[in-house]
Every structure is written in structure tokens, then in C-alpha cells.
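According to Swiss-Prot:
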- 16-36: transmembrane segment (TRANSMEM)
- 347-367: transmembrane segment (TRANSMEM)
- 369-389: transmembrane segment (TRANSMEM)
- 396-416: transmembrane segment (TRANSMEM)
- 440-460: transmembrane segment (TRANSMEM)
- 472-492: transmembrane segment (TRANSMEM)
- 537-557: transmembrane segment (TRANSMEM)
- 863-883: transmembrane segment (TRANSMEM)
- 888-908: transmembrane segment (TRANSMEM)
- 911-931: transmembrane segment (TRANSMEM)
- 968-988: transmembrane segment (TRANSMEM)
- 998-1018: transmembrane segment (TRANSMEM)
Amino acid sequence: MQVLPPSSTGGPSRLFIMRPVATTLLMVAILLAGIIGYRALPVSALPEVDYPTIQVVTLYPGASPDVMTSAVTAPLERQFGQMSGLKQMSSQSSGGASVITLQFQLTLPLDVAEQEVQAAINAATNLLPSDLPNPPVYSKVNPADPPIMTLAVTSTAMPMTQVEDMVETRVAQKISQISGVGLVTLSGGQRPAVRVKLNAQAIAALGLTSETVRTAITGANVNSAKGSLDGPSRAVTLSANDQMQSAEEYRQLIIAYQNGAPIRLGDVATVEQGAENSWLGAWANKEQAIVMNVQRQPGANIISTADSIRQMLPQLTESLPKSVKVTVLSDRTTNIRASVDDTQFELMMAITLVVMIIYLFLRNIPATIIPGVAVPLSLIGTFAVMVFLDFSINNLTLMALTIATGFVVDDAIVVIENISRYIEKGEKPLAAALKGAGEIGFTIISLTFSLIAVLIPLLFMGDIVGRLFREFAITLAVAILISAVVSLTLTPMMCARMLSQESLRKQNRFSRASEKMFDRIIAAYGRGLAKVLNHPWLTLSVALSTLLLSVLLWVFIPKGFFPVQDNGIIQGTLQAPQSSSFANMAQRQRQVADVILQDPAVQSLTSFVGVDGTNPSLNSARLQINLKPLDERDDRVQKVIARLQTAVDKVPGVDLFLQPTQDLTIDTQVSRTQYQFTLQATSLDALSTWVPQLMEKLQQLPQISDVSSDWQDKGLVAYVNVDRDSASRLGISMADVDNALYNAFGQRLISTIYTQANQYRVVLEHNTENTPGLAALDTIRLTSSDGGVVPLSSIAKIEQRFAPLSINHLDQFPVTTISFNVPDNYSLGDAVQAIMDTEKTLNLPVDITTQFQGSTLAFQSALGSTVWLIVAAVVAMYIVLGILYESFIHPITILSTLPTAGVGALLALMIAGSELDVIAIIGIILLIGIVKKNAIMMIDFALAAEREQGMSPRDAIYQACLLRFRPILMTTLAALLGALPLMLSTGVGAELRRPLGIGMVGGLIVSQVLTLFTTPVIYLLFDRLALWTKSRFARHEEEA
């Protein structure tokens, strides 16, 4: 029977050691809560950190970019600019479309922003054109965020107009109602309509004008209230044949009489069922299609949203004819799930490696089982807290748990090793557990709170980067805290029941061999340490040199923002000469599609041509290239992009810009490349002067590639210069001229056909097949005040000019965005510095302002706060350690280990060819928390030896180093092996995880080697400094 030690021993662990059943049930409760939490947690690629973003689209067919800007965009911008919480407002006004993107502060709820946007639209309504076909429509979506799912709808038997009509009413509307869906767009422009193509010669011969025809059509097709009759006994509702539903009915419409004979619409026009906009088209691979892009609301969970769509699709497609085929071309969640699965596998691998290293050191199965239980229990218990905090299972939280594997095992190792030491000395297991746990309790608390202190600054990081890493930091802190609880409760209790002298002394051939090996290593370390302690100043110079080297490496290492991920989807923009027509652009697009589809890595392709709010001009096309799964192709996305661009370069007259889709989207505009730089001015003339000059210089920089600008001011314009005096004599107003031009060439929506399920438009235009180009203007006729017909050419001259194809604003002022990529041999930091240096050489006037946008702006912000972040982490840890040790000196000794970690991490990143990005910086901050553990374990035991055994400082620190060498080596290797799977990651999303693993493994290796020698030396030097300071104070007091 064991003799129990006094109740004063055991510290906070005593209660749990003495009550094994209660302790076991408590741990089972933590385990069950964690399992339930894991099943309840949503899955996503990254924490939901989107800015509240709303897009407002206004379509005004036929309007020029200048008209769209002044008549539509500007009135809306003035109202939006008064909203509180607005962070940034950008707009793009192109031919027939105005798109305004509103980005709000992170703290503003999206629903509140939505209410403000609706109120602003209502306030601007009276200022918008009266003939606007539809009011502005807003969507809770970020246009730069790639669609979560892309579907292609094709048919071999039905025209695209019928296909779109069915898809819009039976599929798109239902998907739009799913929670989390922000916007469903149908690209392809095949919305059904009745098209009226006037024969200009025919109406001129009859003395009619297009305005006469328009008035007749609008008056013949109405759908308004007619009232009802309420008699003594019955009520009767009035109805009439005031609606015309088909093209045949419109052909028979009488628009005028001549000599008593009716003139029907079919006599002067071709009337047919067609598409509302004939200058829009979409293709899936090589087949014309209706392409359905589904975008999520900012903040919505992408996995649950996509799952809901997948569940609904079968029942939606069942209602479609068999000839209509719906194909899912891309689903971003496929790669997100694969990335999360790979990270979970790496987490399991880290746990396995950590348990193996524990067995290697302890050489005892019962002793290995104890941390083998503590590690998964700590990690699983974290899931319960994550649910409470509304977190998700994503790459960052799983990375935090993977790194935590090496952290949480440290506490268990320290406890087991200390208890085992007493058992080997002959203590009974229960007494050894009480004594060892009580002795090590303060060390565990010190390790835990000093490590959590490192994570505190991450919680105060600003803007979107801070939001991004908040889940990472809190998840890691929770795992560390639960680990400390488990190590002070379950671990000593299990040691008291599972360890014994017999089990610890029981050895096999492997354990004997490993024991001898560790003894030789410790002996060699002891000899080396003795020599180092005899040459303290040389060792101190080494420590100082690591500090200097870390600063130099920090200055010269390439810096980036966020790793470029391979998500298997490439977004592309195809650019042609500015005067390109829709037919010309469609032909070029098909040529490029043929080239792209020949690449062995490409699985499918969707493309779109036309102006509809997502594409700014007719001379550009949007492409989405879906790659095969990563395990089915030989190259990663960057190599595929380079290969595709080389292949497309052979297609004449086009430029192709490609960029891989990313899980983290900070931009608010669809850009041609990954990074953006803007020039903003008070006028378009200023931009037209300086943009070409800057572009010329930027295109010569080797630090950037694929440089392009959205400044397109060479669009062909036929300027109708009306002689106002001549027009006035004939009684013709400028409104008459505009109406005649709009009727002829604006695809004017002049009437609406109402049905029970949908509404369709009647489109008026001139038939220009026989009079292409500017010659079509000669066919325009106007009605004079005396009823005569006057040709436009008699009162106006046609001048050919150039004008912008689109006009862009940023916060209500004209802006141009310059897009660029960064070549493989340069970093984003190099590119940013080169652009800033180039800008300075131009001496831009004061009314021109420049700014980086999107991820480049976030990079500048993150880079500027990084040094302060690290300083804050060090200060926080110093404060915690100072409070715990009640000393100003000992925390400095502990923190002296930090430069070695920085040197190792930065060297590893440079050797691996990785940039110092935000992921790597987080790794360095975590290293600050890890490497100081070595010093804490040494100093704790040295102080105890001085205080309790009366040892000299040199003997105390020497014995502490030898005594704690094995647990120090175990904990460091455990942390290293926890990060190793991340460093060696090769699967989906590996780009995101690898920098963290590389930095941590490199930092741990270098710091392990150096701190075992530098820490004891610095401990002794500070001890001497303290003694010298005390003697000086004592001397001054005696003299006084």
C-alpha cells in the first residue's frame, strides 16, 4: 500500500490525481463535446472575412459611355456617396451598362448596407432618364469573387431563346432563392423578344419615320387596368384584346393609312421572334450555350451553399425537356473539399509522427499512451469551443490544429518526463505523480500563458488580414489552453496508474540501444556546454550576430502577400482592337477557345462576348478555364497559364490575360491580372495625358509582367454634329434627332409583352444588312413641323472621332486601373517598389493621385504592420513572463532565444525559394512562442536548484541544461514534426500551407542548436549583471 504524501504536494493536480473516476468522466465529456462540435462545424476554404459588398447594375441599351456616366452613374454615385460606413465606391460606365460596386466597412452588417443602398436608389430615381427600361438592380455580391458554380445549358433541338426562357423561370429563380446565393447570372444574351427591323427605304418612300412606327407599336400593345361593373346582383370585370403576344400579331399591326389603304408593320419591317440583345453570346467549350454563374453572398458559407444547389438541381432539371442538357462545368467546392481533406490528413500525420517521437524518447508503451491520449483529446476538445465561437473547419483552423499538435504534446511530455524521473529514483507512482506534477505545474502555466501571449497581437491585426487570422489565433490558443488543463489533470492521473518502476525499467534491444545513444548525446552536449560556459563573450557575440543576421535577412528576403493557390480554375480576359465589332470578337474568341481546349491540362472552357454589366466593352471577352484535377495533370496552374499564353500569342489581333482564382478575394473589380495600381484624376483629359506615359515606363520594368490598362480611348464614334439653326427652322428638336437615332441603332425596348410567367420586350431597330457602317446614317428620316420628311444629312454632318469605350470612377472621380502580374523570379515587394520608383520619375501633377488596390494594397498594409506585430508579440510575452517570474531580467534571458528562430525561418524560406508572406510571418510569430520554451525549462530548474539546493548559478544552469536536455529535445522535435507535414505538403492548397511549415521547421532546427548553448551563457551574464548592480546600490547606501 502506497503512503500518500502530504496534502500540500501535487498543487492544482492533486484533486484530479486522487479522483481518477471524476477525472476520466470529465475528459470523456470534453471528448464528446468535441465530437459533437466537429460534426456541427461548417466547412470552408478560409474564414469568412468578406467585406460587405453590393453591386448596382443599370442597363440602358444604346446609351454611350458618356451618356451612361452623366445620366445614370453620376446621379447614383452622388446618393451612394452620402451613405455611412462606405469604404470604397467604384463604377464602370460602358455602352448601355452602368455597374457600381459599393464596399462597406467590415463592421457594417450587410443587411444594414442593403437598406442604405435601396434608400439611395429611391432618392436618385427622379434624376435618372425617364425612358430607362428597368430601374437599377442591386445584388449582395462581390463581382470580383469568382462564381462558386458554373453550369452550361445547351440544346440540340431548341433555339437558345427558348432555352434561356425556361432556364430563367424554372432553374435560375429557384437557385437564387437558396440561402447564401447572392446572384445568378445567365450569360449568353438569348432572352426572348420580338424584334422589329425597319426597312429604312420602305418607310421613307411612304413618308413615314421610325418615330411614327414606335408610337404605333407602343399604343397598340398595352396592359393596364380597365375597371369593373358592379350591378345589383353581379360584378363584372372588364378585359380587352389590348395585348399582342407574337411576332405574327405585330406583323399585322396597322401603323398608318395612305390613300385609304392600311400600311401594316410587316410591309415596312421584318418582324421575328429573336433575342432581346443580338450582341451577346456565350459558349461552353465549342458549343453555344446559356452559361449560368452562381455567386455567393459576402460572408455566406461556400460549401453549404453549393451543397444546397447540388441537392436542388436534379428536381429542377427534371422539369426541362430531354433535349436540354445542364452540365456542371466548375464547382469551386471540389477543390476546397480536397484542400481541407489534405489538411486533415496532414493533421493525422502530424499526430502520428509526434506519438512516434515520444515512443522513441520514452521507449515505453504505457508512457507513450499517455501523451497519445492527451494530444487528440486537446485537439478534439477545441472543436467544441470553435462551434461556440461560430468558426468553421477551414485551411487556417486546420493548420492551427496541425501546428498545435507539436505544442500540446509539449505539456504532456514535460509532465511525464518529470514524473518518470522520480519513479526511476524509487518513488511510488502515486507519490511521484503528486510530487512531479506539483513541481512542474508552474512551468506548465508559464509555457501556456507565455505562448498564448504571443498570439494576442494577432487578434488586434487590422482590416481583412486581422479578420482572416483571428480564427487561426483563437483556435490555436484554445488548443493550447485545453492542453494545459489536460496536462495538469489527466496526464498526472494516468502516470500515477500506468507507470511503474518495472514498466520504466523494462527494456528491449531497441530501448537499450537508444538509451546508450541518448546518454552519449547528453554527454557530448555536457562537454560542449562546459566549453561554451568558459568562453561566454564569444558565445554572446554569436547570439548578437544572429540578431544582426536576422535583420539583414528580413531586409533582403523577397516579400509577398498571400500564396498564389492552385484551385483548378483560371479566369481570363481576351482583348482585341478597340474598334472590334461583336461578330469580329465572337470569331476571335472561338479561335482562342480552339487553342485553349487543345491543352492537355484543360478540362472545359466557358466564354462570353458582349456588354451586359459583367463585361465592359465589345472588344473584350471573359473566359473561365476549368483545369483537370491536380492528380490528373502534370503541371500546376502557373505553368499551365504560361503555356496557354504562349499558345494564344500565335492568334493574331488578340491579347490574353490570365489569372488563377483564389479563395481570398479582396478586390471589388474583375481584373485582367492579379495585382492593380490606379491613377485617379479630376478629369479624363488628365488621365489621357499621363496614363500612356506611365504605361510606357511600366512595360519596361522586369519586375512586372502582363502590364495592361483599362484605359481605352480609341473607340470609334460617329459624331452627329447637328446644325441647330437649320433644325429649328424645320421644327426639329434635338430630342427628335436622338429619338430617331435611338430607334434605328439602339436596340430600343419600346414595349413589353406580359404573360403569366414572364415579361418579354419588343425591340425596334433599323435593318442595316444592306447599309453597313456609317452609310446607315444616311437612311435616317425626321418629321418637320409641316409634316414633311427630312433626311438627317440635310441638317447634320457626321464626324468620325475617338472616345473612351468605358469610363471608370473611384469614389466619384475618373480613374484608370493598371493591372500586372509578377514574374517567377521577382516578388510582389519588388514589383511594388519598382512601380513606386517609376512613378516618382514622372513628377505627376498634384491633381493626379496613385494608389495600389486590392491584394496589393492589403500587402502594403500588412507589410507596414508586420514589424509592429512582432514587437507587440515580444512585448506581450515579456510582460507575461515578468509577471510570472517577478523579475525584469529573467524574461530578457528567455527572449534572447528569439533571433535564432528568425534566422532559421528566414534562411529556410530563402533556400526553399518562398516569399516572406503573411502565412510565413504567422509562422515566425509562432516560433517566438515555441523557442522560448527551451529557455523556460532551463531557467525554471536553475532557479529551483539555486533556491532549494544552494547551487551556484553556473552549477545550477549547467545541471538544469543536462537535466532538461531530453524533454527540450523531445518538445522541439515534436513541434518540428507537427510542422513537417505542412512543409512537405503537395496536394490541393499546398501553396497555402507550405510557407508556414518551411518557416517553422527551419526556425526550430537553428534555434534548437543555438539556444542550448546561448541561453545558459546569457543567464549567467545577466546573473553577474544583477550581482554587480546590487553591489553598486549597496555601496551607495553605505556611502550615504
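Glycine too: its Cβ is placed from the backbone N, Cα and C atoms.
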Kindly say whether the transmembrane segment (396-416) and the transmembrane segment (347-367) touch, using the definition of 3 or more Cβ pairs under 8 Å where each pair is 6 or more positions apart.
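Touching, yes - the transmembrane segment (396-416) and the transmembrane segment (347-367) meet the threshold of 3 or more Cβ pairs under 8 Å.
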Should anything in the same chain at least six residues away from the transmembrane segment (537-557) have a Cβ under 8 Å from its Cβ atoms, list it; otherwise answer none.
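Contacts with the transmembrane segment (537-557): 896, 899-900, 902-903, 906-907, 909-910, 915-916, 1010, 1013-1014, 1017-1018, 1021.
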Is the count of Cβ pairs under 8 Å between the transmembrane segment (911-931) and the transmembrane segment (16-36), pairs 6 or more apart in sequence, 3 or more?
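These two stretches do not touch.
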Taking contact to mean 3 or more CB pairs closer than 8 A (sequence separation of 6 or more), are the transmembrane segment (472-492) and the transmembrane segment (347-367) in contact?
no
Residues sitting near the transmembrane segment (369-389): Cβ under 8 Å, six or more positions beyond its termini, same chain?
27, 30-31, 33-38, 40-41, 347, 351, 354-355, 358, 397, 401, 404-405, 408-409, 411-413, 416, 471, 474-475, 478-479, 482-483, 486-487, 490-491, 494-495, 498
Which residues of the same chain, at least 6 past either end of the transmembrane segment (888-908), have a Cβ under 8 Å from a Cβ in it?
450, 543, 546-547, 549-550, 553-554, 557, 874, 877-878, 881-882, 916, 920, 923-924, 927-928, 930-932, 934-936, 939, 943, 998-1007, 1010-1011, 1014-1015, 1018-1019, 1022, 1025-1026
